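Below you'll find the structure, written out as C-alpha cells, and then a few comments.
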Amino acid sequence: MEQFRNIGIIGRLGSVQVLDTVRRLKRFLLDRHLHVILEETIAEVLPGHGLQTSSRKMLGEVCDMVIVVGGDGSLLGAARALARHNVPVLGINRGSLGFLTDIRPDELEVKCAEVLDGHYLVENRFLLQAEVRRHGEAIGQGDALNDVVLHPGKSTRMIEFEIYIDGQFVCSQKADGLIVATPTGSTAYALSAGGPIMHPKLDAIVIVPMYPHTLSGRPIVVDGNSELKIVVSKDMTIYPQVSCDGQNHFTCAPGDTITVSKKPQKLRLIHPLDHNYYEVCRTKLGWGSKLGGGGD
C-alpha cells in the first residue's frame, strides 16, 4: 500500500469542535514525524500553528494525502479541488450525517494510525462536469461529486425543459427541476426526490425529476459514460439555476443548454479496512437491524 509522508489538513470553518479535532490531528501527525500542511483558511484561525500552509488549489500538489475534518459538505468541496491531482482523501466526521467522512472523532488516532500503517481501502468515485451554454458560448462550468441540479432558484414556478442522452431525444418535462446524480450522490438530494440508492462501484448516472407534472415521470438510470443535455424551453419567463453539489451556482436563461458528463479525473476516497457501505446505509438511513435468528 502507498505510504503517506506529506499530509494536508482541511477543516470546516465556524465550528469549535472542528478546530479541536484539527489540533488533535495535528499533534497526532507530528508525533509520527510526518510533514503536515494546513489549508490556508483553517490556518488563519489556528494562531501559532507553526506549520506550512497552502491554498486548497495547490494542496494536492504538495501532499500525499489530504484529511478533511468536517461533514460531507466539506468533503464535497475538497473533492472538487483535489480530484485533478489524484491525491487520496480521508474524512473525519464533524458533521451531522457522515456518508463520506466516516471516521468518528473518538476513533481518530486509532483509525488514522491504521491508514498511515498501510491498512486501508481505496474507492475511486467519479465526478460530473456541467457546462451551461448560451447561443453556443459557454457561460458557466462546474464540477460535482454528488449532483448537478436544475431548479427554479427564487421562483416558485415550474421549469419546462427537454432531455437528450447521447444526442437522442428522451422527453420533454414540466417539473420543479431535475437532479443528475452520481452513485455517490444517490444517497443525497436524489434520494429525497425518490431516486434509487446506487452502490458507489456502479458506473452509472441517475436522472431524477423533481415533482414532475405527470404521473409517469420516473427516475432513469443510464450508463456512466453518457452525455446528458438539458435544454431550457425558450418560452420560459423565469431564469432557473444550475447548482453543482449545492455549492456552485449558475443562472440560466430561456433557451440555454446544460451539458452534463463524467469528469475524466476521479476522487480517490480512503476508508479504514472495516468500512462497510451497507452498514453506513443502515446507520445513516435508519434501516432495520438484523433479525434474531437471521443469517450470519
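Placement of Cβ uses the backbone N, Cα and C atoms for every residue, glycine included.
Lifted from Swiss-Prot, the feature list:
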- ASP72: active site, proton acceptor (ACT_SITE)
- ASP72, GLY73, ASN146, ASP147, ARG157, LYS174, ASP176, THR187, ALA188, TYR189, ALA190, LEU191, SER192, GLN247: NAD(+) binding site (BINDING)
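Features as recorded by Swiss-Prot, highlighted on the structure.
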residue : record                       : DSSP class
ASP72   : active site, proton acceptor : helix
ASN146  : NAD(+) binding site          : coil
ARG157  : NAD(+) binding site          : coil
ASP176  : NAD(+) binding site          : coil
ALA188  : NAD(+) binding site          : coil
**Item:** Cβ contacts of ASN146 (NAD(+) binding site) (under 8 Å, same chain, 6 or more positions away)
**Value:** LEU76, ALA181, THR182, THR184, GLY185, ALA188, TYR189, ASP245, GLY246
**Prompt:** Would you say which of the binding-site residues ALA188, ALA190 has the most Cβ atoms within 10 Å of its own Cβ?
**Reply:** ALA190
**Message:** Distance check, please: Cα of ALA190 (NAD(+) binding site) against Cα of the residue listed as 'active site, proton acceptor', rounded to an integer number of angstrom.
**Reply:** 15
**Cα-to-Cα gap, ASP72 (active site, proton acceptor) vs ARG157 (NAD(+) binding site), nearest whole Å** = 30
**Message:** Can you give me the same-chain residues 6 or more apart in sequence from ASP176 (NAD(+) binding site) with a CB-CB distance under 8 Å?
**Reply:** HIS151, PRO152, MET158, ILE159, MET210, TYR211
